[in-house]
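Per TrEMBL, the feature region 'Disordered' maps to 799-819. Annotated repeat 'PPR' per TrEMBL: 144-178, 206-240, 241-271, 280-314, 315-349, 350-384, 420-454, 455-489, 513-547, 548-582, 583-617, 618-652 (among others), in sequence order.
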Amino acid sequence: MSSSPSAANLLALLRRNAASPAVALRLFLHLSSAASPPPPRSTSFLARLLAAQPAAGALLPRLLRHVLSFPDPSPHLLALLYCSDVLPLRLALPAFRSLRALASAPPPPTPVYNRLILAALRESRLDLVEALYKDLLLAGAEPDVFTRNLLLQALCDAGRMELAQRVFDAMPARNDFSFGILARGYCRAGRSFDALKVLDRMPSINLVVCNTVVAGFCREGQVEEAERLVERMRAQGLAPNVVTFNARISALCKAGRVLDAYRIFKDMQEEWQQGLPRPDQVTFDVMLSGFCDAGYVDEARVLVDIMRCGGFLRRVQSYNRWLAGLVRNGRIGEAQELLREMTHEGIQPNSYTYNIIVSGLCKEGKAFDVRRVEDFIRSGVMTPDVVTYTSLLHAYCSKGNTAAANRVLDEMAQKGCAPNSFTYNVLLQSLWRAGRITEAESLLERIGVKGYNLDTASCNIIIDGLCRNSRLDVAMGIVDGMWQEGSAALGRLGNSFLSVASDSSSKQRCLPDRITYSILISALCKEGRFDEAKKKLLEMIVKDISPDSVIYDTFIHGYCKLGKTSLSIKVLRDMEKKGCNPSTRTYNLLIRGFEEKHKSDEIINLMSEMKDKGISPNAMTYNSLIKSFCERGMVNKAMPLLDEMLQNEIVPNITSFHLLIKAFCKIADFPSAQMVFDAALRTCGQKEMLFCLMCTEVSTYGRWIEAKNILESALEMRISIQSFPYKQIIAGLCEAGEVDHAHSLLKLLIAKGYTFDPAAFMPVVDALTNKGKKQDADMLSEKMMEMANFNDGLATDSRKITPGSRSHEHAKNGQSDWRALLHRDDSARTIMKIMKRVRTGWGQRGNVYEHKQQQNDDFYVLENTG
């Protein structure tokens, strides 16, 4: 077909006007027509030019309409489809449908299908991937390896692993990407043993696929299997790289084996010249997160110093990890110092930096903390984003303060910060879990007005809420309806649900998934409706949704709670037959069931079975056996399990030590309890919790001097004493005649700056008065009144308190119980006498008196103005 001169020069004109896409489009529309169509190259060039513009959504449809006016639009539609890598899918699909509707046009070639399938995959339109692949086959085109790899990835992303395996087996040709996609899919589905089988079928071992499987084993807690694969890599001449080591370190940290992870990290630091990879930025960041998550704050601080010296603490992401660790471990003051350090070092905090603090404070559930966060947000220091507001909304909804949540939503609208689907999902989940169904429906109406539609995650939240609020049968009916109607099935709950579920496209996207069935099966098992739960399991298999170990674990947990451990064992055997490998969690649930029955022998047999299958027990596994022995009074058998754990490179956690400490204290073997406590301090990171539980256990059995010594050690370490039984210790010391010890403990509390319940003063005041030590009793009474007045002030003006401070500890408890002691006859008489002397003063001169007495030990200063 001949073209006019203007059309022949059209491509050159478009290139000259590339800086003004709208002008280029007008030129194209003016110089091309049905009588004089342009070259397809011009169409392709203009499409790419327009796709790069923010206004592409308005300009590209005009181009498509113009192209369809040509006598033979097929070459131009093909030119547009070859741009599918840059065109939005919603604009490429109409061009594809128009081309397929042309009776005279041949079907698109395979590369065009590949581009469309890839675009659908990028937008997670897995249903469209399958539809395009079927259309390719119907059109008579031949899929190549790339096409089949895309289909394989879509099936893996949807969790349809059985079908993915069949597609893989039917592929006439495969490449390394084919093996890698399937192996990655199995790993993401928690089936790393199946991924290993895929690796075994590869013609030659591949480092990327090996790293994928190693990471998969590590995520599932199969650390021994991961180590075996690493050794196999070395034996076959494939040296593990830093990615391999990072996966191992990350897995060990997540499994609680932080010290083992640190040993690998240290080897990388010291032996990199002997062939080990050197730690990179990811290695340091993963190790830092591992220390912080396990509560090893002091060790993390040392690592931060190493990172600072080595140049690995120059990214805001690394600072954010350290900041999150401090906040998670209650070190709010240090977190604020770190923010100042970032500014000093020229590291600009981002919104995520501030959101760490906001989220951390909100999760503490302290109302005044949330108000302080709001004040912080409005101070101008940070620019709140949707994540910031979502954290605030979650905090308010969790406390049932829907009025404040609505106020935050209004503020978001005023600030131009539009809530996203995640924001609404957080709100829905908070309201449904709190049983606030009316507020949830009001929120749904608000979502509908904003033009949002429910996705599968939203539907799952509502289904979970129905199950939690005793409407399980309604939830089951909705899930059945979702297969035909999508999210519109929620409309049967009322108009508020229909307003956000009526979008026609939601029918395609909002289908039940594995999480949907997990929710239903869990709810059915909790109600003891196991036969119906089994039917749902079969239904999801028929729907080509593979059940994972979590779903089988739900059955095991349900049977164990009913004491039906034999049925739990049958579920274990069945899941193995179905090719779903049990995890450490699976065995832990079984072992917990036998623990409730005090069947130590069965627990030992299950642990032996785990080792035979290469499934590593963890601290929780051993804790069940330790608890079983301790509850049967067999602490002599429980104690060696600590050594066994360490030999198996399993780090005991606080529960491990607590069980033993409690058991030794129960049989009055306090030296052994102290020995376990000392070992725990060397092994665990949560020192505050350790000191608290040891102090509590010793106090329970009236060992007041030992309890006092432990508490004093905690005070010297500046540990928060909010959960410590300090009042019981002081009262116990006084009852045992150890008034001087009680008095010295009080003075240490005051000297260290702790603000605590004034009721703790009363036993000491009474005892000192009875011993005739009037002046000491008077001084303590006055200090008690000062502290009581101070605490009353804190309760009425919480804004004066810094979150995490010692004053904050006591203020959040509200009114103390010290005033109740005044109603005791003996205490009332003592207080009245003392207060009379305090008001009169001693050694008073004139009407105005100011007295300052410095104790010899420099513990506190009392001031009184009469």
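Just so you know, the numbers here start at 1 and follow the chain as drawn.
Using the three backbone atoms N, Cα and C, a Cβ is placed for every residue, glycine included.
Here the repeat 'PPR' (513-547) lies next to the repeat 'PPR' (455-489) in space: the count of CB pairs under 8 Å, restricted to residues six or more apart, reaches at least 3.
Outside the repeat 'PPR' (241-271) by six or more residues, the chain places 207, 210-211, 214-215, 217-219, 221, 223, 226-227, 230, 233, 277-280, 282-283, 286-287, 289-291, 293-294, 296, 299, 616, 618-619, 649-651, 653, 685 with a CB less than 8 A from a CB of the stretch.
Here the repeat 'PPR' (206-240) has Cβ contacts under 8 Å with residues 176, 179-180, 183-184, 186-188, 190, 192-193, 195-196, 198-199, 247-248, 250-252, 254-255, 257, 275, 277, 583-585, 614-616, 618 of the same chain, all six or more residues outside its ends. Sequence-distant contacts of the repeat 'PPR' (618-652), counting only residues of its own chain at least 6 positions beyond either end whose CB sits under 8 Å from a CB of the stretch, comprise 221, 255-260, 584, 587-588, 591-592, 594-595, 598-600, 603-604, 607, 610, 659-660, 662-664, 667, 669, 672, 676, 679-680, 683-684. When pLDDT values are averaged over the repeat 'PPR' (144-178), the model yields 89. Here the repeat 'PPR' (241-271) is broken down by DSSP into helix, strand and coil counts: 26 helix, 0 strand, 5 coil.
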